[in-house]
Each structure stands twice: as C-alpha cells, then as structure tokens.
Amino acid sequence: MNWLPVALLAVPLAGAVLLAVPVGSTTRERWFPRYGLAVSGVALALSAALAAAFDHDDPARMQFVTNLPWIPGLGLRFHLGVDGVSLPLVLLTALLTFLCFAYLCRGRPAGSGRAPAPGHPATPPPGSPSTPSPGDSPGAASGRPSEPVGGGRPRALVFTLLVLEVGMIGTFLALDLLLFFVFFEVVLIPMYFVIAVWGGHRRRAAATKFILYTLLGSVVLLLGLLLIWAQTGTLDMTALARAHGTGMSRAAQILAFLAVGAGLAVKTPMWPLHTWLPDAHTEAPTVGSVLLAGVLLKMGTYGFARIAVPMLPGGATVLAPWLGAFAVIGIIYGSLACLAQRDLKRMIAYSSIGHMGFVLLGFAALTPAGFNGALFGNIAHGLITALLFFVVGSIKERYGTAEIPSLGGGMLARLPRLGSVLTFAAVASLGLPGLAGFWGEVLSLLGAFRPAAGLPRSLYLVFMALGGLGTVLTAAYFLSMLSRVTHGRPVETVHAPVLAAVGPADTGGTGDMGHTGGAGNAGSGEGTADAGNAGRGRGYGRRGIRDVAPHELVAWVPLMALILLLGLWPKALLDVTGPVARSLLGAP
Amino acid sequence: MTTAAVLAILLPFAAAAAGLLGSRFPKGLRGGAADAAANRRAAWIAIVPTAVSTLLTIWLAYSIRTGQAAGGGDWLSRFTGSAGTARVATASVAVDTGSVPISIGLLVDGLAATIAVLVTVVALAVQVYSVGYLRDDRRYPSYSAFISLFTSAMLLVVYAADLLVLYVGWEVMGLCSYLLIGHWWEDRANSRAAVKAFLVTRIGDVGFLFGVFVLGTAAGGFRIADVLAKLPELPPGTILAAALLLLAGVAGKSAQVPLYTWLPDAMAGPTPISALIHAATMVAAGIFVVARLYPVFLASGPALDVLAVMAALGMLGAALAALAQDDLKRVLAYSTISQLAYMAGALAVGSRDAAVFHLITHGAFKALLFLCAGAVIHAVGSNLMSAMGGLRRGLPVTFAAMTIGFAALAGLPPASGFFSKDEVLAAVERSLSAGHLAAPVALLLYGCALATVAVTGAYATRAWLRTFFGERAPSGLPGTAVPEPGPSAALESAPPAAVHEAPPVMRWPIIVLAVPALLLGLPGVLHIHWGTAVLSVALALLGAGAVHTVWRSDPRRDPARLLGPLRRPCERAFSVDALYRAVFVRPTLLLAYVVARADGRVVDGAVRGSGRTVTGLAGLVRRAQNGNAQLYVTGLLAGVLLLAVGAVMLG
C-alpha cells in the first residue's frame, strides 16, 4: 500500500499535465471543471483509502513510507509518509479541493461582477464587454496575469488548482526537509495566479503582496532548515523528530527555531506578520479563499507541529512564551479588527488571525493537550472557515457586494437557506460546544492553563485569560455580523451590482430555467425551501436572487456534516492525533 | 435505566434535527397551506418526543426514589431527592485530551432526576402551549425545533457525569436562548436583545470554563464524582479559585448580580420562551450546578460570602426594579432575578435542599405566570400593563391561574411558594446565629431577604391589580403600546370589549401547571417554621396592602408612584445597563475601530514602509552605478586612501 501517497501526488499532477496538452481546445468549457472534479475525486478516493488502510492503533508510527534517493549530491530524498498529524490534513486538502471543483461545476470562478462563468455556457450574456477566450492554454494564462478580465478561462483555473493540490498534499506528505520546502514553495505560484487572475478588483496588489511576503518568509524558513541540516547532517524529518534536538547546541536550536518559526509564522499567519492575509483573502475568488484559509494556513501550523517544536525542543522552550504572547495578541487583535470590519470577506479573513492565534497558543504550551488543541483547531478552522468563505462567496455572487451595510439585513427573510447556513457557520466559528470549533479552542486554553514544565506558568495563565476574553470578542463580532446581515427587514432597494453581476441567467427568470425546477427538490436535504417556489409563492426573492443552489449544497453539506461530527464526537480526531502529539513532544 | 436516561436526552435532540430538516420535506414549499401543513407536522415532531422524554424522566425519578426509600434524611432532602445514594450511571467513554481525560457519560442521582422532571414537564407544557401561541407563525417549525434542542441540552446539563460534557449542554442552551429570543428578528431590538443575552452569559461562561479547568486538572479528571471524591485532598486555594470562577458562570446563566442585565431584555422573545428558558429552567441551571458541586462551595467559605452578597443585592434590587416596570413581562423577568437570588441565598447559607425546593416550586409557578401573561398578551395585544385592566371578567381561567401564581410568588399560603420561601428564610435566619457566613454578610442577607418579601408582595399585587382589576384603558395610550409581533396581527387592534380566553391548546397547559404551582408545597405543611412564616406573611401582606391602598385611591394611576423619587431609578434598574455600556461596550468598540484603522496604517504601513525603504536604498545605490568612469576612479582612490589612513592609524 506504499504506493498510495505517491499516487495521491501523481493523480492531480497527471491531471494537470493532461490539461496542458493542447488537445481539445475547442471542447466546451463546462467540461473543464467536471474534469477537475473527476481528478480530484480520484484523489479524494485515494485519500479515503489511505485513511481506511491507516493503522489507527498506532497513529504515531509513520506509515506508507516511500524513501527513494532523488538528488544524491544534495542528500535530497523522495521521502513520503503519513502519520496521525498529517493524515487529517491530507484528507482535509483532498476534500476541500474536491468541494471547490464541485462548487465550480455550476458556479463561477470569479467572485463578483465580471466575466461570465463556465457554469452558464448556454446563455451568452448580451452586451457583455468581453467573452472568455476558450483556447487559452495555461501557459498563455500565466503569461498574462494582467488580463483585465480574469473570469472564464476554466482550463487554466482547473490546471492551477490541480497543481495547487499537488503542492498542498505534498507538503503534508513530505518527510524530507528540502522536499517539504519544495512543496511548500510549489504552492505559492498557483495561488499567486489564482489571486492575480481570478481575483477581485484590487487583485494585482494583493497577489504581489502575497507572493513577496510569503517568499520572504520562505527565505527565512529555508535558512532555518539549512541550519538544522548543517548542524545535524540529515534531512530526514522522522529521524530529526526522534532525536528531539540531540546533536544541536542550544544556541543553534534557538536560532533555528527563530528562523523556522518566523518563516512559518508568515504563513500561519501570526501577528504582526499577518497583513498579507486580509488583502489576499478579500481579493481571491471564492475557491481561492477557501483553499487559502482551509489549507494554506495549515501548512504553517503543520510546520510548527512537524518541524519547529519536535526537532528543536531547546529553542521551543526558550521561545514558546514569545510565541504564546504573539498568539494571544493575535487573538485579541484579530477579534477587535473583525468587530470594526465592514466587508464580510475581510471580516472572515481577520477572524482567521484570531483562530490561528488559538492554534499557536496550543503549540506554545508545549504539552500534549495544547498540541491536540492546536491540531484539532487546525482541522476545525479548515472546515469552518472554508464553509464561511463558500457562503460569503455565494452572498457576494448574489448581492454583488460583501459590504455589510450594503447587504442591508433580512437575509433570513429573503434567502432563508443561505441565511441559515451562514448562521450555522458563524456559530461554529465562534466555538460553540457541539460543533468542531469548540474543542480546538478549549484544549488550547487547557494547554495554556497547565503549560510544560520550565515555562512560566503565571504568564500562561494571563495568556489563557486573554484567550478567554478573545472567545467573548469572537462571539461578539460574529453575532453582531449575523444581527446586521441576517436579521432585520430586507431592504427593498436592489443594488446595481446585482444586476450587473448576476446577468440574465439569474435575474428574473430563475424559476423558468430548467435546472431550477428540480433545484430545491434535489437538494432539499435541508428541507426548508425551494428557491424557485419561494420566489413565486412568498414574494421575496422576486427579484430573482435565488436561494442555495444544488451545486452549493453539494459543496457545503459535507463540511457541515463534518463540523457537526467532530463537534459531537471529538474522539474521532483526538484518537488519531493524541499519540502523535505525545511522541512528537517526547512525552510519556 | 441507563437507556432511559440516554433516550430522554437523545429523543428531543432527534426531534430538533427532524424538525429543522424535515418539516417541509420533501417538497419544501412555502406559503399558505404549505406553511400550515409544515406547522402541523412540526408540532407532532416536537411534542411526541418531548412527551416520551417526560415519561422517561418521571420513571427514572420514581425508580431512583423507590431505590433509596430506605435512606434517611429529613422530609426536605427526600423531597428534593438529595437524600440517599441511589444513582444510575452509564458506562462512560474516555476521551484522551493529552492531559486530563474527558469522560462522556451520564450520572443520574436523586437531585438530577428531580430537576429533569421539572425540565421536561415545563418543556412539554410550553411545547403544547406554543402550538396555539404561534399558530400563524411561518417559522414555528424552527421555533419548536429549537425548544427541543434546548430541552435536550438542559437534560444533558442535568444528567451529565462530566464537567466538560455539562459545559457542552450549558453553552448549547445559551445558543438556543439566543435563537429563540431573536425569533422575531425582523425587529432590530429583538436581535440586539438576543446578541446581548448570548454575550453577557458567555462572559460568565468563560469564567465557568476556567473553573472547570481548575477543578479538573487538580482532581485529575473532569468526572463530577471524581472531583468530589478528591476534594478533601485539594489545597484550599485551588478550591476557592475554582468556586469563584464557577460563580461567574452561575451569575451569567442564572442572571445574578453583576451579569443579570440580559434577562429583562430577553423578554423580547415569544412569551412561552420566557416561561421555559428565562424563568423555569435554563436560568435555574446555575443554581443546579452549584447544588451539584455543592461540596466545592462548602469547602470555600469566601466564595459563599460572595454568593451571599450577590444574592442580597440581586434580590432586593431586582424586586424594586420589578415594582416600577410597566411591561408585564419585564415585571416577571425582574421577579425571576429576585427569586433566583433567594435560591442563591439559600445556597450561600448552606441549605441546598431549601434552594432546590424553591427552584422546583419557582419553576412551576413562574412558568405558570409566564404562560398566563402570554394568554393576557395574546388577548390584549400589548405587553404594557397601562393597556390592561379589568381583565378578570374576560379571562376568568387565566385570572384564577394567575392569582395562584402571584400568591405563590408573593409567598402567601397555601400556594407552593409560601412553603419553599419559608424554608429559605428559615435557613437564612439560622445562619445569623450559626453558620459559616461572615456575620455582617449574614445580617445583610437576612435584612435584604425580609425587605424583599415585602417588596415582592407589593409588586405582585401591583401587577395583579393593574392587569385584572380596575377599568381597561380606552385603547392604551397611542404610541406606547408595544404589541408583541407574534400572536397575530388581528389581535393588535382588539377593542377592549373583545377580550376572550385563549384557545384550549393554550388554556390546558395553564390549568395543568396551576396544580403544581398550588400544591407542590404540601409536603412541607407539617414542617412550617411558624415564627418565620408569620413574619414573612405579615411583611408580604404589608407590601400588598400598601400597594392596594395607593391603587384604591386612583385605580387609573400606577401604584408605582409609591416609590416617590426612587421610581425613575427603579424603572431604569438603577442604570446599570447604561453604566456597562459606557464602561465596557463603548471602549471596546472604540478600540476595535482603532485596531482596524491601525492595522491598515501602522502594521501594514510598517511593512509597506520597509518595502519603500528598500526601494529608496536601491535608488541610492543605483545612482552610484551611472557609468561615469571618473566617478568610479574617484571612489576607488578614496577607498585606497581610507584604507591607507586606517592602516597607518591602527597599525
């Protein structure tokens, strides 16, 4: 079964390469997302097989190991494997990529009022300023990121997302420091293009900031990794983790932790290295935001779990209080920033800073409980924030804006299903017990309550109290957002961008479009409303803003189910991560 | 029996899921007949599991009681179920957290079984009542599902064997409260009230969670039984810290000083919700948790002093505020705070059984009062007592039931409230001479408790007279009547003559609840503390008499004028809300604004600034590379010169 990790990388890669072959450039565009769906579906199936074949009785052991020499001169080896820390993240990545494609199959890649999407090929918008160029090869797309209209180009988008998937899964599978770094970097380029080509109005600046910021972080990370290599003479991550820092002087460990930690902190992001994140999330298209928040941020925290803390325990003990302090500042700072945001997407971006603060606080405790909290929070944040970005993307698609004042309230009246899903996601994100967000937060706080021996306990108690305050602030901004967006009476004015954005396919005639007739029925796992009938029967939605569509439901229901499952039965995840947390920390 | 306990929790939970997802399944239609059909289906989905759950909890309580019949204890501890050691424990599943394990399991002892009966009976009454109250509400399916979810969460709190599992139920109740207060979210005020309720209680909940951490890590496990068993070995400082932190959560959930401000605003929700959550059950959860972890509090004296002071301030302040409110539901809300403070006071003086006794009778009579208030509001179309009056002729059943409720609230025999309050007062009195409370605290508590008896008599009489006696105001004062948006639009403009009783589906729960509200105290009939009883009845009659006298002089005017200059502060509940807003809310929002601005300018500015600096430096360096050979040679010579000088000086 050792071929499974290799296959997990090979499938999306082969899928991407096949797309680059300029055959079938005249094929109808709608097939590209479906092709991507199929490829990522195979990857998801493979990762599910991986989880099924995984020996759950011994999650701390590295399983499915592939270890081949690659560049002998550098000592670089193609070394892959899975344990209890990486398995959930691999699953999360495969799932989110798959759901992104499912979302793309009917939706549009771009967030707001721009070019028509592959999902509506049958209705060319009359008078639309530009039509997508169907024959664009990926090379052409990447060569012209300044193309004013970034929408369309489904082939390029699918290609980019598949390459992204290779990089993300590779990062979580790699067991060689340099290989890890290579995958870590591979992710940046496609994400740059996702933001720069398919992003919002200020996408260029956001993409440039994203790439410069994270590349700079990567340089520092690389220096740290090289320092570890120079000191220990090996790049084998399992061996290094087992050694728990033996063979490195204390000073070298501190220096290496500083460099590696700073590099990872940019990615996580940790306050005050977070400023690339709000712009990138806000400008990225929905699928970009979902993958950025759902997976890319996890690569930073995964680095802490896999490299910084276990390999450099000497450095970790010295610098953990600083990590904790920055984490707690991030929690409070992120929550306060959210409280004053006017843009929904930006608010959720800032909320990530707060949530990742809890994850970092868990690591900073250097105890198994804190570690478990961090790993749990990682997965929970991936699920919940992905759902939030999906929902907000759909809101933006319908209203043409994500500005809270412009949305005007009353969403539960106008779009009851969408409003309910938004409420669910927000409540999950604020850490309600019974939903996934709770356990990560609570275990991180528990970790801070009793940090590892050698750490200043009273300082950590302050961290814990501030973290608790952060949970109150988190509830405050999410609930006041819900109050402003979903409650109240719907404003009767139609925003101009709605008409511009939605196009004729969605204004007025939704009820008559063939697919809407079956829409509410096919997807009524929720059973609350049929959008089409709602439009006719009740009077709201008359203007043609339709409620949750089937492709959205397909993308969201798995996330909601998992959030509920992990919240009600945290043992499912804790049993996988717990033993690894102990072994990585060298705890009994 | 373990299956019964699990089922009692899971049935309402399944009902909630089914109600949310399945009420409109599979057609998902809206409007007209489809709404009515969905409401009918949702009503069945909600009521049947709750009814089964009620039977299960009653059976559990019965079998536990028969199991411990041989046990000793006085009548009161037998009544509240705290005597004896019979219990039902499910096998628990341990969840490894990396430090202290969480054990998912249930533990039903006598106390838990008793409270669970209260919860399910009130929940069932409210579910049935709501069918009538929200007959034409499009969102009834989600409403009834949230009540089911609430019932399940409260039962989880009551039955939980583990503190963190208890916390899960504790917070889910908070969410249900939020969702139900905001049921009529078209109105921004309701939405704000819902947010406020969640946030204020969450502040307390954070403290509660930390208290759980302290207890759990000190005892090596979150299981309640383990914690209580390990208690003698723990250092007193740890126990005190845990008790004080837990009290924060209790103050939040049970609406005690200083975190009570959410409860009056929570009356924005539909009246049955006020009956269920904000009077009879959820707010009692705080008291229940103290009772459940009582040894922890008994082992930490200062925490009991704090609880006593909180209770003393809360009972009198809230009673005075209740005396000045014009909104009938707000009167009842403040009276809830005041009555919960009585329970807290009983706990503080060391009489858990008195507190639980009062909790049970209060649950019955307060639910009754709220359901009656709902019937009155349903008939009148306004919450305001200035729009009511003379309703005893139009609403005879409601009048009779509410009279029982008010008598119980004021502590008049033979209603149940008299007996339980008598136990509480007797316990407080005992603490004056012998007890662990500091003497001034005990004195304060006793003084406040007696004063509150008089004020309670006064405000209960005022509400009773203003609602059911005198003449109805012509049509309310224009602009002041704030009808609940819920019941139905047709009722808003009901002329005074058209007042009539609520439909049977609402009337029957009232009648059924009136029975325990009247009779629950009877087990105590042989155990009255005569001295205390005479004193308290005299005080209550004094308060009632004063109000009656003032009212008789001019039935049109509000007897609250009795308060004189105190009236305005009482009406505003001593402006605590405004104080909190100025001290906590505004600065936080200001800080948020500053952070949001600073993030763009300062933090990101520093990043962009460093970028610009690099560009600028690059520009300087570039200027040197201008291809002018003369400049290069000059630079070279200058360098050589500097090196030479340096070599001479240092060499």
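Glycine is treated like the rest: Cβ placed from N, Cα and C.
Residues or ranges marked as transmembrane segment by TrEMBL: B:42-64, B:110-131, B:143-161, B:206-225, B:237-263, B:275-294, B:306-324, B:331-351, B:397-417, B:437-460, B:532-551, B:631-650 (among others). Feature annotation from TrEMBL assigns domain 'NADH-Ubiquinone oxidoreductase (complex I) chain 5 N-terminal' to B:96-143. Under the heading domain 'NADH:quinone oxidoreductase/Mrp antiporter transmembrane', TrEMBL lists B:160-428.
With helix defined as DSSP H, G or I and strand as E or B, the domain 'NADH-Ubiquinone oxidoreductase (complex I) chain 5 N-terminal' (B:96-143) counts 28 helix, 7 strand, 13 coil.
In this chain, the transmembrane segment (B:397-417) lies close to the transmembrane segment (B:532-551): three or more C-beta pairs between them fall below 8 angstroms, excluding pairs fewer than 6 positions apart. Contact between the transmembrane segment (B:437-460) and the transmembrane segment (B:306-324) holds: at least three of their C-beta pairs are under 8 Å, each pair 6 or more apart in sequence.
The transmembrane segment (B:275-294) makes contact with the transmembrane segment (B:110-131), as judged by at least three Cβ pairs under 8 Å among residues 6 or more apart in sequence. Averaged over the domain 'NADH-Ubiquinone oxidoreductase (complex I) chain 5 N-terminal' (B:96-143), the predicted model has a pLDDT of 89. Same-chain neighbours of the transmembrane segment (B:631-650): 624, counting only residues six or more beyond its ends whose CB sits under 8 Å from a CB of the stretch. Within the chain carrying the transmembrane segment (B:110-131), a Cβ under 8 angstroms from the stretch's Cβ atoms is held by residues 8, 12, 43, 46-47, 50-51, 53-54, 57-58, 60-61, 64-65, 68, 80-84, 86-87, 140, 143-144, 147-148, 150-151, 154-155, 158-159, 270, 272-273, 275-276, 280-281, 284, 288, 291-292, 356, 359-360, 363-364, 367, 371, 374, 505-506, 508-510, 512-513, 516, all 6 or more beyond its ends. Away from its own ends, the transmembrane segment (B:143-161) comes close to residues 5, 8-13, 15-20, 23, 42-43, 45-46, 49-50, 53, 57, 89-90, 92, 103, 105-108, 112, 115-116, 119-120, 123, 126-127, 130, 134, 137, 168-170, 172-173, 176-177, 179-180, 183, 223-225, 270, 273, 276-277, 281-282, 285, 288-289 of its chain (Cβ-Cβ under 8 Å, at least six residues beyond either end).
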